[in-house]
Amino acid sequence: MKKMNKLTIFLIPIGIAVNFIGGQIALLLKLPLYLDSIGTITVGALCGGIPGALVGAITNVSISVTNPTSLAYIWLNIGFGLLAGYLSKKGVFKKLWKTVIAGFGFAIIGGGVGSMITILLFDGLGAGTTGMITGMLMTIGFSVQAGAFISELFADLLDKIPTLIIVFFILKSIPVRTLAKLPLGHVLIDMDKVQGASRKVA
Amino acid sequence: MNCISVKNVSYKYPYTEGFALKELNYEFEKGKCYGIIGANGSGKTTFCNLLRGMIPHFFEGELTGDVFIEETDVRNWDSNLLSTKIGYIFQNPFTQISGIKETVFEEIALGLENLGMEKEALIDRVIEVVKLLKLEQLIKKNPNNLSGGQKQRVAFASIIAMNNDIIVIDEPTSQLDPESTAEIFSIINLLRNQGKTIFLVEHKVDLIAEYSDEVIVLKDGQITLSGSTQEVLSNMDLLQMGVMLPQASMLSYDMQKANKQLDSIAITKSQVIEQIKQRVGV
Amino acid sequence: MDYEFINSFKKPQVQNNWFLDLNPLSKLNIILILAIIPIVVKRWEVSVVIILFYFLIAAASSRLKQFSKVYVRLALLIGSLLFIMRAMFIPGEDVLMKIGFLTITQEGVDHGLQFATLVVAICGALVLYSVATQARDLMLVLEKKGVPHTATYVILSSLQSIIDLGNMSKLIMESQKARGIETEGKVTNRIKSFFPILGPLFLGAISNSEEKAIAMDARAFYAPGKNTHLRELRPVSLSEKSVLILINLVFVGFIVWRVVG
């Protein structure tokens, strides 16, 4: 394995903590959103897919201590990290509109893969609000698979678009000197801003 | 013997246009304490990163000229070995605590564990440092829950334990209260007496006057003044470089203006007291 | 100076409890077996027995309070949700009662009971392991097994970062409230207040991580060669090893018997 970038090692714990805290703040503010993958996606965008996936994996393992079912959904958070790294390489996070569209990609992982896990492990009826909605959909005639897919995709779309917007603004606020030290920083550095800033210095 | 020499060094951070350091030349001798002063943004921290080898090993960008650390070009140093040669302490006490140890004793031991020191020797070394820095009361405490001043003392202990010959100290007290500042400077004094080579960046020129052998003044990334502490800190030109003079020097100049001049421009309080005592004849 | 404390590092770290002092990997082994049994058997009675067994182990390792604190709430929450949903939505022949558009069937109840107890039993294994094992002990063992210390650093440091950032987020939230930023009221307002809380927190942590990298470098974090450890754990005793092997053999035998038989 290629030696990991020195700064990446220290950003992974931060990403994990931000996933945690983001989710907690969302709960405290009683938001109908998860907002618990901001760290995964940001680290993926800054450092690449593997570090992003690590953030996701460790987050779910840590959460599993107090909420063990999260271990079943570890693949989602790993997927978010990998996708963030891939999209970042393609320069998607440089433009807000592209970032928002990317939200659909994350929602498909979250909702699609998520509902598959729910169906495989929990017969489609997970322990949560989406499980409730799935149940409701079943009583009006949907199959359990369709019900789980619809409810989880919807919940994830609602979550991932704001999440991605937040990630976009976080990335935009990171100073160039920090970005310069990160594996994918060179993609994210906004050359107009750099030249503007140095003109100001000169 | 020179421990670090800097020859024609200029450095530019990545994605910036101006040079952060320009045409630096200096020979640093072993066992001396070098005070580094200058206004904000004059390049002091960048200079520390250069001396510590973080430039070019951690900070990319454009480095021209040569830096020799113990006669070896910094570019040829294994960056992972440099940490065993040069200690580094900086202003923020919070980021210098590892965050993975549950007691101060273990925190201080971390660097030695990384160096692969055998346990018996390691414990003895940590005890030695704890005594030296008078940290006995803290060893069982969780380092993450200490005050800023305590954390900074633990950070010093952690670096001192590694017994580096060279220590770079970048504004160690800028976030501390006066009492903790005094404690930190008594530690710096201990290091001086142990014959360590020290690079000390500090805003408080009065403390630089007390503790350093030579002073380097930076302005816009250039060395604008350097030499013995007495020489530099009694130079009125400092004011143009955005640096205050020590209170003692100001007083000496004021007395000069009032036609009551001292035998020489004093830079420390004790010098002033000495000279006044002589004059009054106590 | 507290030499008793210092000398404690010269000996293996023990808590004088047979279960807690087992090697972290032995504990993991035992607890994994406990979690797998209900998956294989698929009977609610077995799951309940396993769940009760967790409490027994927790009590024996004087961790009953910590274990119950997390587990009871969790078990009730997840268990009841999983049960109720299955009872309500799973169709079947044997109708027990009808409430509005919901039909509760015997099949639904049976399946709900089996599934809810199974998930709760598996969850219990994780909770029990987390209260009976210190993260730093597990990391120490993993390092001895050859896991690089950068990896264990990442894990331990994220636990501390969660605490640090958590404390900071509370501070920021309070000051945001004091400055009149709405943290209650309409959903849109609450969403708007999310970024001013998380943004500065995250950005500050990112810029600190740069300093942390430099600070840890100064602590020889990347020094070549093997690192040593101030703390050490009790070496795995012969009896611990043999009992563990025995348990594993019985377990494998049990699985084979279930599959073949």
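Each position is counted from 1, following the chain as shown.
Note: Cβ is positioned from N, Cα and C throughout, glycine not excepted.
Residues annotated as transmembrane segment in TrEMBL: A:7-29 (among others). Packing against the transmembrane segment (A:7-29) from elsewhere in the chain are residues 35-40, 42-43, 46-48, 51-52, 54-56, 58-59, 62-63, 77, 178, 181-183: each is 6 or more residues past its ends and has a CB under 8 Å from a CB in it.
For A:70-88 (among others), the entry in TrEMBL reads transmembrane segment.
Proximity of distant same-chain residues to the transmembrane segment (A:100-122), defined by a Cβ-Cβ separation under 8 Å and at least 6 residues beyond the stretch ends, is recorded for 37, 41, 72-73, 75-76, 79-80, 83, 87, 92-93, 130-131, 134, 144-145, 148-149, 151-157, 159-161, 163-165. The feature transmembrane segment is assigned by TrEMBL to A:100-122 (among others).
TrEMBL lists A:134-155 (among others) with the feature transmembrane segment.
According to TrEMBL, the feature transmembrane segment maps to A:161-180 (among others). Through the fold, the transmembrane segment (A:161-180) approaches residues 7, 33-35, 37-38, 41-42, 45-46, 84, 93, 96, 99-100, 102-103, 106-107, 186, 188-190, 193-194, 197 of its own chain, all at least 6 residues removed from its boundaries and within a Cβ separation under 8 Å.
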